[in-house]
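*Asks:* Taken from Swiss-Prot, the feature zinc finger applies to 8-56, 94-140, supported by sequence analysis. Per Swiss-Prot, the feature Zn(2+) 1 binding site maps to Cys14, Cys19, Cys37, His40; the stated evidence is sequence analysis. What Swiss-Prot lists as Zn(2+) 2 binding site is Cys29, Cys32, His46, Cys48, and the listing cites sequence analysis. As annotated by Swiss-Prot, Zn(2+) 3 binding site applies to Cys100, Cys103, Cys121, His124, with the evidence given as sequence analysis. Look at Swiss-Prot and you will find Cys113, Cys116, His130, Cys132 tagged as Zn(2+) 4 binding site.
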Amino acid sequence: MQVDRDLDKVGVHCAIKDCNLLDFLPFICQGCQGQFCLEHKEEKEHKCPTPIVKIGGTTVTCDKCESILPVPVNCFEKDILSMHLRKGCPKKTTVNQHKCSFCPKMESIKIVCPNCKNNFCIKHRFERDHKCKPRVNPPLQQTISPHLQNLLSQLRNSKPVKTNS
């Protein structure tokens, strides 16, 4: 039946193979990131390989992606870091995405000069600070197609039309 197949796309099946219960609001384990049903949401219920550190635990920060990783009790930081790197350490995301047109600095906000229309950092945002050279707009005649120019000239040369008002 088509409706049954559509419902499979809405929820997520419990990660426990013997359970495989379809859950519309699954629980995500903070340790292993698996998705589980209500019965298997606890770390001990699904035998979590990387349980989250509760009281008295520590964390370690990955130097490459700056992720904070929990270190379970009776585990070593170096083992957690090496496992994190093996799983595929995500690239560090940068907030600063707008490059200054005058220097190599990046900014988190876009600062566009109204005169030259280039992007700049806070230090070079004023025209005098980035040696602004305004963009020259081409004359209107150059931007209009020849066909449109012909129509405009015909309109200019035509006699006004009288209307009854």
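Every residue gets a Cβ built from N, Cα and C, even glycine.
The structure displayed is predicted, hence computed values, not measured ones.
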*Asks:* To the nearest Å, how far is the Cα of Cys121 (Zn(2+) 3 binding site) from the Cα of His130 (Zn(2+) 4 binding site)?
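*Replies:* Pair distance, Cα basis, whole Å: 10 Å.
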*Asks:* Report the residues of the chain - excluding Cys113, Cys116, His130, Cys132 - with C-beta within 8 Å of the mean position of the site's C-beta atoms, for the recorded Zn(2+) 4 site, in sequence order.
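*Replies:* So the additional residues around the site are Ser101, Asn115, Asn118, Phe120, Glu127, Lys131, Lys133, Pro134.
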*Asks:* Identify, in sequence order, the residues in the chain of His124 (Zn(2+) 3 binding site) that are 6 or more apart from it along the sequence and have a CB within less than 8 Å of its CB; answer 'none' if there are none.
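*Replies:* Set apart from His124 (Zn(2+) 3 binding site) by at least 6 residues yet with Cβ under 8 Å, we have Cys100, Ser101, Phe102, Cys103, His130.
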*Asks:* For the recorded Zn(2+) 3 site formed by Cys100, Cys103, Cys121, His124, name the remaining residues of the chain with Cβ within 8 Å of the site's Cβ center, in chain order.
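*Replies:* For the Zn(2+) 3 site the neighbour list reads Ser101, Phe102, Pro104, Lys105, Glu107, Phe120, Ile122, Lys123, His130.
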*Asks:* Please report the number of other Cβ atoms within 10 Å of the Cβ of Cys132 (Zn(2+) 4 binding site).
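*Replies:* Taking all protein chains shown, Cys132 (Zn(2+) 4 binding site) has 17 Cβ neighbours within 10 Å.
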*Asks:* Which of the binding-site residues listed here (Cys32, His46, Cys113, Cys116, Cys132) have a Cα atom within 10 Å of the Cα of His40 (Zn(2+) 1 binding site)?
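*Replies:* Close binding-site residues: His46.
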*Asks:* Of Cys14, Cys19, Cys116, which is closest to Cys32 (Zn(2+) 2 binding site) if I measure between C-alpha atoms? They're all binding-site residues.
*Replies:* Cys14
*Asks:* Using DSSP, how many residues of the zinc finger (8-56) fall into helix, strand and coil, respectively?
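*Replies:* Secondary-structure composition of the zinc finger (8-56): 6 helix, 8 strand, 35 coil.
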*Asks:* I want to verify one value. Collapsing DSSP to three states, which class is His130 (Zn(2+) 4 binding site)?
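*Replies:* Note: His130 (Zn(2+) 4 binding site) is coil by DSSP, not helix or strand.
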*Asks:* Of the binding-site residues Cys14, Cys19, Cys29, Cys37, His46, which one has its Cα closest to the Cα of Cys113 (Zn(2+) 4 binding site)?
*Replies:* Cys29
*Asks:* Considering Cα atoms only, can you say which of Cys19, Cys29, Cys37 is the nearest neighbour of Cys116 (Zn(2+) 4 binding site) among these binding-site residues?
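*Replies:* Of the binding-site residues Cys19, Cys29, Cys37, Cys29 has its Cα closest to that of Cys116 (Zn(2+) 4 binding site).
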